[in-house]
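**Student:** Structure provided below as C-alpha cells; questions to follow.
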C-alpha cells in the first residue's frame, strides 16, 4: 500500500510539474527571469520526485547492502535537489522583494539570474556534501520496513540533523516569510495609492 501511495503521489507530482512547465512556456507574463526561476524549480522538483520514486520502488532483493556507491550518490543527488529547491524558494522571494522595493536594481537583478542559479547550485552541492565532510560514513538510508528516510547513526548525525538540515530549512522559511511579508506590505500600499 505504501508503494502504491508513493507511486500515485509521484505520478500526480510529475503531472503537476509538467503542467507548470507548460504554463511557464505558454504564458507571456512568465517569459522573464521569474519564469526561469519557476521553471528551474519545477525541473528540480520533477527530478527529485522521479529519483525518490525510482529509489524507493525498486525491489528489496535488488538493493545492494549499504553503503554502496550507487545508493550514496543517488541519495546525495536527492539531498542536493532538496537544498536546491529550498534555495530557489528563497531566491524567488528575493526576486519579488527586489521587484517591489528596489526598482533601480531590478533590471540588474533580472540580468544576473544565471549567476543566482549557479550560486544556488553551488551552495546546495556544498550543503549536501557537508554530510560526508562531517563524517565519511554518514548517509541517508531508506528503511523498507517502516517506509521512512533517516540518516544512519553516527557520532555527528544529531548535529547534522539539528544544525544543518533543520537550521538551514528554518532559516530559509524565515527569510521567505520576512521578505514576502515586506513585499506584501508594499503591494498593499501600492494598491491603496491606486484606489
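Glycine residues also receive a Cβ, built from the backbone N, Cα and C atoms like all the rest.
Unlike curated entries, TrEMBL annotations are predicted automatically.
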**Student:** Tell me which of 67-97, 160-190 corresponds to the transmembrane segment entry in TrEMBL.
**Tutor:** 160-190
**Student:** If TrEMBL is the reference, give me the range from 7-28, 29-50 marked as transmembrane segment.
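**Tutor:** Here TrEMBL associates transmembrane segment with the stretch 7-28.
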